[in-house]
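Peer 1: Per Swiss-Prot, the features are:
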{"type": "DOMAIN", "residues": "26-89", "note": "domain 'HMA'"}
{"type": "BINDING", "residues": "Cys37, Cys40", "note": "metal cation binding site"}
{"type": "LIPID", "residues": "Cys147", "note": "S-farnesyl cysteine"}
{"type": "MOD_RES", "residues": "Cys147", "note": "cysteine methyl ester"}
Amino acid sequence: MGVEGTMEYISDLLKKRKRKKKKQMQTVALRVARIDCEGCERKIKHVLSGVKGVKSVDVDVKLQKVTVTGYIDPKKVLEAAKSTKKKVELWPYVPYTMVANPYISQAYDKKAPPNMVRKVPDTASVNETTVDDSYTIMFSDENPNSCAIM
């Protein structure tokens, strides 16, 4: 095993070493219930700014929305926010222009901010519009004597 063998061994070790992937810059929006005073706002800001990778924390008291930006994992941000003993969930609203059918019942929410609707999967609209064929065939205008209720 000469110099070439040693060089190949070292190059194989360097290739096999796993490199950590850099996290993408993300924005996580949270809905935090009962942000009533400046103390609550300060507490949430302090806890979330302590999460590793956080660049900025914005709190909107009126909408009860917290926006966290940075190289972060949304699950870790959610866990840290829950440590404040407040009810926390991911921001459930999107602009109504981003939803395929914003007027279905699952998307409608009275508490939603203006021009926002609740996030719903695309399959929800299909479930509402499907009609059972047996009901449409039951009363046929082509044959009035074929009433299927009897």
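These residue numbers are counts, starting from 1, taken along the chain as shown.
Cβ coordinates are placed from backbone N, Cα and C, and glycine is handled just like the others.
Keep in mind that what you see is a predicted model, and the values were worked out from it rather than measured.
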Peer 1: Considering every residue in the domain 'HMA' (26-89), what is the mean pLDDT value?
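Peer 2: It averages 93.
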Peer 1: Ranking the binding-site residues Cys37, Cys40 by other Cβ atoms within 10 Å, which is at the bottom?
Peer 2: Cys37
Peer 1: If H, G and I count as helix, E and B as strand, and all else as coil, what does DSSP give for Cys40 (metal cation binding site)?
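Peer 2: Assignment for Cys40 (metal cation binding site) reads helix.
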Peer 1: Across the domain 'HMA' (26-89), what are the DSSP residue counts per state (helix, strand, coil)?
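Peer 2: The counts are 21 helix, 22 strand, 21 coil.
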